[in-house]
Amino acid sequence: MGLGGVISNLLSLGAKLIPVVSASTQGPSSSSSSLVQVESDQIETELKQLMRLLERIKATLYDAEEREIRDRSVKLWLKELKEVAYDAEDILDEYHYEVLRSQVQETDASLPNSRKSKLVQVPDGMLDQLQQVRGKFAEIEKDRVALQLLEEDGPKYCNNDLQTAPTSYFTVESDIIGREKEKEELIHRLSSECHDGKIISVVTIVGTGGIGKTTLAQLVYNDQRFQQMFDAFGWVCTSDDFNVQRLTREVLESITGRSSGLINLSALQKDLSKEITKKRVFLVLDDVWNEKRSHWELFRTPFMSASLVKILVTTRNEHVARVMQTMPTFNLGYMSQKQSWQLFQHYAFGDAIQNKGSKLVEIGKQIMNKCGMLPLAMKSVASLLRHETEEESWKEILESDLWDSDAGIEIFPSLQISYARLPTYLKPCFLYCSMFPKDYLYNAEELVKLWIYQGYVQTDGLKNNEKVGWEYAMQLWQRSFFEREDGEKEFYFTVHDMFHDLARFNSGHVCYSIEEGMCANFPEELYHLYVGGMVKCIEPPPSEKFATLRTLIVDYFVESFLSTFDISKAQKLRALQLGSRNCGLEVPFSLVNLKLHRNGPLSISSTNFLTAFDISQAQNVRGMQLGSRNFDLEFPCSLVNLKHLRYLSLSAGRFERLPECICSFYNLQNLTLNDCPHLTELPKSIENLVSLEDLIIFRCANLRVLPVSFCQLKTLRKLCLCWCSELKELPPDMGNLRNLQHLRILYTNVSSLPLSSKIKRIPALKVRLVCRTIGWLKDFVDMGGTLSIVGLRRVCSLRDVRCAKLASMHNLQRLILTWAHSFYDLNVDLDENVLQLYIVGDRDASSEIDSDEEENFETDDPFHSLMVMLQPHPNLKELKIKYYHGLTFPDWIGNPTLCASLERIEIVHCKFITFLPFGSLYKLKYLKVEGCSNLQLIQAKSLPLLLEEIEIIYCTSLIYVSGLERLKFLVKLHISDCSKLHFWGHCRKTCLITVSNLPELRNWCLQ
């Protein structure tokens, strides 16, 4: 798992180190330096030999990772390779630190020349270690030849650029093709009143894995008619372990929407009973396996206080249904041939229209039949095929011998096909998820970090690890391995039970999770361990299991587990996270001996831990998070010894300043300071953080100034200054930060950029500003790319708008004007060069605005007056207007001179607009109109002749579209959810037309 990332990192490190070692051997000789030069010469030789070996091994990784599914010898070879690669990474990292230190000292003006030297100090024992590792790699190379592993560049059939594929079908669950009849029948059963006097009624959906039981239950649960029948709703995934205590707490939390810290079952049942007293309750228990009547009877006890309880259960087991049900079983059958093909082609082809006689359709129907009419299998394989464009690739999938798998699970072969065809870099990321329990809700950001810590994320240097990791997650979602769950501010993913079983199977069970009430049955080799729950009876694994452990995540401090957990034996640990639900618990002193906590986050929230743990002992730690509401310590000076630190997060600290010693973290890539109210300044030598890429300062209210040396951070890519109310200005030379890509300034008193700064000319810069005035724009007149202004309803002075000089921004390519003030608009990530202003204030332009004696100010339509002042430069190519509540658009929008370069226009949720004035824009190629609820007619004079693509969505009053026959270049027309649309005109035969949800359509003409 994840070898590609580790090998790539080794090659990258070697490429950096060899020139440095070579320079050391060629420097001026002296008696004191001769020994160092000799050793450096030997190290150079070893490094070059190691790099050659690694290049040959890397070339065979693709073939090896493809063959490991069937060939145990290859699987063992990959395992040995991985262990040696991790050891080599530690050795090279040690020398790389010495290189960085030497470079910093060479440029430090405060050091005397006697302390400056181009010779890099060789760490003790490095040459011997390097020779041993190179010898091991040589043996591995011999075995590679014996295994006849082929040297290949990568998968021939895999298209890695998934971002170009349409993804809209993932946001709607394919309209649940073929299950309307079943949904209506279930709703009828559940809504019928009981006449036998029973309070609790249970209906069970029984069906094989992947047939769509959970999807059908979701349809019922979210039906608006059904929502009106009950007072309280709950959804709980039970999975293999029907633990009454855990399930009762989860039901209580699901119904109330609040977390519960209760552990005692009696207290939980009392709270639940009180919450639902005299209420009508609907509950879904998803994926139930419990066959014990006693467990079920204990679980349902608190529900007797309700006036009515309807429970919908999904299960694969008929016996489970007999134990729980009070109403006849609902047996969910297979989809019909017609329904199956509708679902399959939806995921395989999307909106593209396929000729019924095409080869892909013929092969696709054969593949569909192999999926056994199971929706999950069809969705998985069809999502894979969506990214395959060659007929040969479809044939390879059809003829794969994995269809003959004897795993004993009907759906397994089709899922195994999808797994086998995953790009090799996605496989370890997917398998890693099997460490967590079924139905686990994955925080996308945290999951990506864990992948990075394990070395699974491969970068080419153009993108940072987090961005590439996020792309990995999105690709797994696009391929249906993940199911996306949106939170208010963050993205979450879930993994279907069948895919979780698939991950466990292919990971060789090296990932393991322990939850409440479970009897631990640890696998032979334990690499990744998750401990969850609030009980005191979980026993740790035997100490010999620690030797291979790379991840340990303990969601709660589990007393018996941690008190006997000798973590010092876990010398290969890369990620350690200890939860903070019980911060008063003593943390084991064995943590003092932890020396090889590599790459991962050491996440600590307990003050007792900081007291007990000599942090200086963890010399190889790569990531550390320190903080707690009770953190009353000064900055721990012992941190200075953590020379390999990559990630450092300090929160809720009482220190007033960071000591200068922190600047010796030459490997530090990410520094986060969160909620440190007493912090007033950063170290003056901060420029010595020569690897720093991200600096996040959040809620440090007393931070007054950034040091001048801050502008010498040449590797800095991201700077966030949020809620730092005393910060009033930025350093004058911020234009020197040439690699800066993200600048976010939110809720500070910084009102403008320094006059001497050239920051606005930094290439590829994305700037996010939260401010009270649009006047900030005066500092960005020369900036190109995209300008997005969010919260225009808060603009209260037309004078400010005039000062912003939008019409002078001649390099601007794209302008987004948003009147709403949702933080969602602020957090939308844009790939290109972007400046985004988020306007905040106490007044609303819809009710009050300062006209500043403007002659053209309209008191009856302040939105229109403001829009008049937002006229851009004629060079603008793209314009998007959202939530504009003016009655009409200003004249400049339809003026062919003032909008001479405009090629794309999007009008979104401008609900009072009744006319589109775009007919004279002769360069316009794309027009999108969405959510304009008062728009009734789109006439010929609204549509310029060179239009190539039109989208009309959710215009609920639209009844007529004319003039399409005039558009000789129109190649794509999409109209959906326009409930009153009766007619549109003729289109050319070459125009691709897609429509949906147009119930009143009367005439559809194609010429």
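The backbone N, Cα and C atoms fix where each Cβ goes, glycine too.
Since the structure is predicted, the reported quantities are computational estimates derived from the model, not experimental observations.
TrEMBL has this to say about the protein:
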COILED    40-67  coiled coil
DOMAIN    42-108  domain 'Disease resistance N-terminal'
DOMAIN    180-350  domain 'NB-ARC'
DOMAIN    435-503  domain 'Disease resistance protein winged helix'
DOMAIN    864-932  domain 'R13L1/DRL21-like LRR repeat region'
SIGNAL    1-23  signal peptide
Counts by DSSP class (helix H/G/I, strand E/B, coil) across the domain 'Disease resistance protein winged helix' (435-503): 32 helix, 10 strand, 27 coil
Number of helical, extended and coil residues in the domain 'R13L1/DRL21-like LRR repeat region' (864-932), per DSSP: 10 helix, 15 strand, 44 coil
Within the domain 'Disease resistance N-terminal' (42-108), residues counted as helix, strand or coil by DSSP: 61 helix, 0 strand, 6 coil
For the coiled coil (40-67), mean pLDDT (0 to 100): 81
